[in-house]
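Database features (TrEMBL):
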type     : residues  : note
DOMAIN   : B:32-440  : domain 'Cation/H+ exchanger transmembrane'
TRANSMEM : B:23-45   : transmembrane segment
TRANSMEM : B:57-74   : transmembrane segment
TRANSMEM : B:86-103  : transmembrane segment
TRANSMEM : B:115-139 : transmembrane segment
TRANSMEM : B:177-200 : transmembrane segment
TRANSMEM : B:220-242 : transmembrane segment
TRANSMEM : B:276-294 : transmembrane segment
TRANSMEM : B:306-324 : transmembrane segment
TRANSMEM : B:344-365 : transmembrane segment
TRANSMEM : B:386-407 : transmembrane segment
TRANSMEM : B:419-440 : transmembrane segment
Number of protein chains: 2
Amino acid sequence: MGYQVVAAQLARLSGALGTSDHASVVSITLFVALLCACIVLGHLLEENRWLNESITALIIGLCTGVVILMTTKGKSSHVLVFSEDLFFIYLLPPIIFNAGFQVKKKQFFRNFMTITLFGAVGTMMSFFTISLAAIAIFSRMNIGTLDVSDFLAIGAIFSATDSVCTLQVLNQDETPFLYSLVFGEGVVNDATSVVLFNALQNFDPNQIDAIVILKFLGNFCYLFVSSTFLGVFTGLLSAYVIKKLYIGRHSTDREVALVMLMAYLSYMLAELLDLSGILTVFFCGIVMSHYTWHNVTESSRVTTKHAFATLSFIAETFLFLYVGMDALDIEKWKFASDSPGKSIGISSILLGLVLVGRAAFVFPLSFLSNLTKKTELEKISWRQQIVIWWAGLMRGAVSIALAYNKFTRSGHTQLHGNAIMITSTITVVLFSTMVSHLMLQSLSNAVYQLIT
Amino acid sequence: MGYQVVAAQLARLSGALGTSDHASVVSITLFVALLCACIVLGHLLEENRWLNESITALIIGLCTGVVILMTTKGKSSHVLVFSEDLFFIYLLPPIIFNAGFQVKKKQFFRNFMTITLFGAVGTMMSFFTISLAAIAIFSRMNIGTLDVSDFLAIGAIFSATDSVCTLQVLNQDETPFLYSLVFGEGVVNDATSVVLFNALQNFDPNQIDAIVILKFLGNFCYLFVSSTFLGVFTGLLSAYVIKKLYIGRHSTDREVALVMLMAYLSYMLAELLDLSGILTVFFCGIVMSHYTWHNVTESSRVTTKHAFATLSFIAETFLFLYVGMDALDIEKWKFASDSPGKSIGISSILLGLVLVGRAAFVFPLSFLSNLTKKTELEKISWRQQIVIWWAGLMRGAVSIALAYNKFTRSGHTQLHGNAIMITSTITVVLFSTMVSHLMLQSLSNAVYQLIT
């Protein structure tokens, strides 16, 4: 008996071990080389106001996808399969942590109420608008057998704004108010849409009553408060440990390592406890930049500041490269190419819904928020409202991750509808990122000149 | 047809995607938490001369292994399977790069000939000694059906010293000569043993003639020269790009990102071209610290120096934690516990062979090297020879990776012999790391006092 167990174990091991898998070496080398190219090209194109690293990475990713598609004779356009794990475990934490670490805290806390209002209530309003409109429009079109829970998922998927992309577009130093509002909203929005999406997974549309809604709201508040608490607690703990033990006395490296590891630990703990890791690591970043950062040695301060920004920068560039390359995956487009008209129609409708869904809360909530403000200066001006509306139109990796989660798992009987939803999501993401980025750049340039 | 292809594709995708795999979240959280514990404990135990982070990590790993073993009721002691990929793709590059980046270049190049002599010729001598002795001794014991090629592999596995551990034991500032010699030897040794091991994989012991040996030597020289060249070239390229494009003008982060990515790229390219990534990234580190580092902005200089050291520190600690946890994997010990006497015997014999194999080249080669030196000061003293001999006794993750590669793959018919070789390797690694670390600490303390 023992022999068989060991034989099975060894077989498993030998499969898992192998010599370094050649394919993974190839894909890692390719990605690292492309990342270098993105940095160099992004630097060379810096003077060009229409492009930045993200768009460069997206375009390089698309081009690489085309090259791979041609060399593999149309079999595949990507070297890595899009993996939620890669995104949620490795790429997202450094980006959001760094955003918290570098955010202008004064602005952020001054606008805390507005940010929460936009991020939580606004996302809900956008979710209802998109879901209801999707039910009304799509159920009349003949696209597979999508049911109500699918339409609700679509509402959640397309309510998730891309906070990473927003960071690239607005400038913290030039427009601190808009930046903190839009970015803060993005973080809360991420949390809200993930909560919404998870709540919808085990949701029966025939059983909506007050208790279900109350339960949902309670769950959301619990999540919000406990995630924030966990982040703040980990941040304070790191500050205490580093000050009390004076770890930098012997080695800067240990100090930096501890700060990095504890920040990451906060995210992973939150994920483990089914909280929102994004919220946790964001608040952990804020607390660490406010307390821990002042307890470390001078060289640790320089190192952490730049190392976190670098990691976040690499993760962002990687993400856009990846989305660009993955977008061309040929299998996904089989259905779309069978009925191109319908595909374009659905993508356009979704884009329209995103526009409407966002307008449906930005303008009313700005109006509400303005009612509570006394001076004219504190109010959100009409022009600022337009920038907020526009800046939050981008849909990014969170939407893609949620769409994959929903439409590649929920049974293969509804293949037609599922495939079309995946391709439409990719279309909306690519289109909204590229177009709204470009338009926002010129729009906000104009707005900057008007406000300043 | 299209439907079926897509269905298969989607099934594959949904398997690969899933929601973040709960098990992987648990294991990552556990590892990050343990890493934090290692840093804090290592800091607290700093005054204790018998312990350092590596040994602390090894012990914490073993303890965690015991706890997991008990909570899973003896089923498993590890949360991650030892993977060569993890080791060779993620953990080793930052450690070796940082070693090259921080090495005292003057000392290193002054002793270049001696280092190459010890690393290349010495490793070969050690390999022959251990292989021949293993053939002579083990073939008379009844341990499975190990054949000549297995014994040759044992020679290669136990000739690979642990350069990571060596770094921890010798102090670059106190004994620069010994440090550069032992560490430099370790890097060349790594390359030599990996080349040896790979050459042995498709080696027919019945066909040894002059041509085979010449071919092997030619292959080794090609590998050595081209790996070094690739590393130097990538290093110089990074210096040129950063100076020419003045990337630090706008952003320190891009500069740091480019340095990191190009260093990693050199390693991955070497692996892709079947060269020695270890040699490449080591020389890349040397060139980058000599040229690139002087072209970047002041804050990039502080950041790269500490960020690389931090990454290397985390990778090292992770490695020891991992080896500690993996060592207790219950499946491996089934055979060892069936015949404990034989297991202990074999491990002791291997330890003895390691001692003899190292002595067989350190003392003769030191003698040879001394013949070429004119002044008494340049010669390797008797005491230094003992430290070199002892410092290179540690066997580490490279040995484990090679042993897994050889003995969990080469057919399951020879299970008994294979299992015993795996457990013996782990025993030798644990024993040599812990004991020789402790002895070297006291030994070298004594030697420092005598030399200085």
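For all residues, glycine too, the Cβ spot is worked out from N, Cα and C.
The stretch from B:57-74, B:276-294, B:344-365 that makes the most Cβ contacts under 8 Å with the transmembrane segment (B:419-440) is B:344-365. Contact between the transmembrane segment (B:23-45) and the transmembrane segment (B:306-324) is supported by 3 or more Cβ pairs under 8 Å, counting only residues 6 or more apart in sequence. Between the transmembrane segment (B:306-324) and the transmembrane segment (B:86-103) there are at least 3 Cβ pairs closer than 8 Å, counting only pairs 6 or more residues apart in sequence, which means the two stretches are in contact. Sequence-distant neighbours of the transmembrane segment (B:220-242) (same chain, 6+ residues past either end, Cβ-Cβ under 8 Å): 120, 191-192, 195, 248, 255, 258-259, 262-263, 265-266, 269-270, 273, 275-277, 279-288, 290-292, 295-296. Nonlocal intrachain contacts for the transmembrane segment (B:115-139), taken as residues 6+ away from its ends with a CB within less than 8 angstroms of a stretch CB, comprise 108, 146, 148, 151-152, 154-156, 158-159, 180-181, 184-189, 191-193, 196, 220, 224, 346, 349, 353-354, 356-358, 360-362, 364-365, 368-369, 388. Sequence-distant contacts of the transmembrane segment (B:177-200) (same chain, six or more residues past either end, CB-CB distance under 8 Å): 96, 99-100, 103-104, 107-108, 111-112, 114-116, 118-120, 122-124, 127, 149, 152-153, 155-157, 159-163, 166-167, 170-171, 216, 219-220, 223-224, 227, 276, 278-279, 282, 380, 384, 387-388, 391-392, 398, 402, 405-406. Below 8 angstroms of C-beta separation, residues 80, 163-164, 167, 172, 180, 183-184, 187, 190, 263-264, 267-268, 271, 277-278, 281-286, 288-289, 304-305, 308-309, 311-312, 315-316, 318-319, 397, 401 of the same chain, each at least six residues beyond the ends of the transmembrane segment (B:86-103), sit close to that stretch.
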